[in-house]
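Chemist: Supplied in structure tokens, the structure appears directly below.
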Amino acid sequence: MAQPQALQAGHQLLTQLGRQLPGLKCSSSTCQAGTLGLGTSGLRLAAAAAASASSRALTTGTSSGRQNRSAIRRLKAFLRDYKQLSKFRLSSLVALTASAGFAAGSGDSIDYAKLAWTSLGTLGAAAAANTLNQLYEVANDARMARTCNRPLPAGRLGSRQALLFAALCGVGGLWTLAEHTNPLTTGLGAANIVLYAGIYTPLKQLSIYNTWVGAVVGAIPPLMGWAAAAGELEPGAWLLAAALFSWQLPHFLALAWMCQDDYARGGFRMLPKFDPTGRRTAAVALRHCAFLLPLGAAAAALHVTSPWFAGEAALLAGAMGAGAIAFRANPTAASARKLFRGSLLYLPLLLAALAVHRQPNRHAVTWQDVRREAGAAAAGAAALLPEPLQPGRLWQQLQQMQPGLHWPQLRPVEQRYGLVLEQLQGIKCPSRAYGDSVDEQGSCSGSGAELLAEAAAVAAAAGEEPGDDAADAGQ
């Protein structure tokens, strides 16, 4: 801006000089004799020429400034499009979780140069996977309000440009991992690209189980970081992976509930699409928040962190769990948004606490140690249970039961502890969200219908009306 202003001032000065020249008189005889060869008219012509030159310079400078600003804007837009194509913030979060795994798997000191290369390679692999994801979902993204302005559906970038960018990021990221880490880390990075772009992405349009596959994708980067630091995958690495896996379920299900109409327009099969009340979506989120509660104590037991981390991790999980409880009590967009924001705070705080309380990796904890400690913990927990609920006695009672009937041996337990046996008959693996038992109209099919029929038959045999509990037997 300073250059055009200076040219403007010079132009004005020369114009004024040209206007004043006719009234000027020279007292010098040399001047009067014309030895300078420049009369008044010549000075006027010179001033006019100078003014014209300054005007042209001013116009040229202004035009050049505009061109420069336009070029800068185009460059920023170009970089912004590729940043969106790579989902840079998400890819950076992936790299952050890999760096946390690297720090946890390191010994007395952290090799920060190797950490930087590991994070850079992970960032490249994540950017490649995210770009391939958007290449596959161009038509879907164009129908969704939250994604229609992405570079590909908006037409700002073409598929060839995106494919070339994905190839450069993927090859560059994996080469970086291969050059500066080890084959195990590189293999995990390549597997994650295939899992995300080749399995998770198409599965989003086929089954609600895409959410659980996506959680596996998010659990792999900490393994990559640990493998890069330690050269192997030890029990502590899998503990970090479990934390990332369970964190993603409440995080993403809250987002899926808030954006359920948008996901439906895009053709994606998410759990909220088949759960109009939101009860099951919130139950899955709450379940995985509960899974996070003991992970801090487990990290301390495996000597990944100091005991301080156990309490801090439990407090963080409890705070996010409180949001999940509120979401379960009142499944609305507002309660889902609170859970989502809580999950955004949980992860960086957990990783910061892990970095503060990490213990040097001595490679002293084996899987045999884990089995022994887990067995002792299970035995101690079982000893705290009332006698009718202790595993050994309960298993003996379960073996004596007749299918489809009430179990007299457990009636006192049911009355005392409020167990609902109809629900026990239909219990499934916690991560199965019954999606394949429900079609798009919300009706039941296959094993889901059989479970509901069985629950109704049991309720009828007991002389009870099948209410909400029976309807949820297939959950």
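Using the three backbone atoms N, Cα and C, a Cβ is placed for every residue, glycine included.
OK, TrEMBL features for this one:
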type	residues	note
TRANSMEM	162-178	transmembrane segment
TRANSMEM	184-203	transmembrane segment
TRANSMEM	210-231	transmembrane segment
TRANSMEM	237-259	transmembrane segment
TRANSMEM	280-302	transmembrane segment
TRANSMEM	308-327	transmembrane segment
TRANSMEM	339-356	transmembrane segment
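Please situate the listed features within the shown structure.
Modeler: For the transmembrane segment (184-203), same-chain residues at least 6 beyond its ends with a Cβ under 8 Å from one of its own Cβ atoms are 118, 121-122, 125-126, 128-130, 132-133, 136-137, 170, 173-174, 177-178, 209-210, 213-214, 216-217, 220-221, 223-224, 227-228, 231-233.
Long-range contacts of the transmembrane segment (237-259) within its own chain (CB-CB distance under 8 A, at least 6 residues past either end) are made by residues 97, 100-101, 104-105, 146, 211-212, 214-216, 218-223, 226-227, 230, 270-272, 278, 281-282, 284-289, 291-292, 295, 298-299, 302, 304, 320, 323-324, 327, 331, 333, 336-337, 339-340, 343-344, 346-347, 350.
Non-local neighbours of the transmembrane segment (308-327) in the same chain are 250, 254, 257, 278, 282, 285-286, 289-290, 292-297, 299-300, 335-336, 338-339, 342-343, 346, 349-350, 353-354, 357; each lies 6+ residues outside the stretch with a CB under 8 Å from one of its CB atoms.
Sequence-distant contacts of the transmembrane segment (339-356), counting only residues of its own chain at least 6 positions beyond either end whose CB sits under 8 Å from a CB of the stretch, comprise 93, 96-97, 100, 103-104, 243, 247, 250-251, 254-255, 258, 285, 299, 304-305, 309, 312-313, 316-317, 319-320, 322-324, 326-327.
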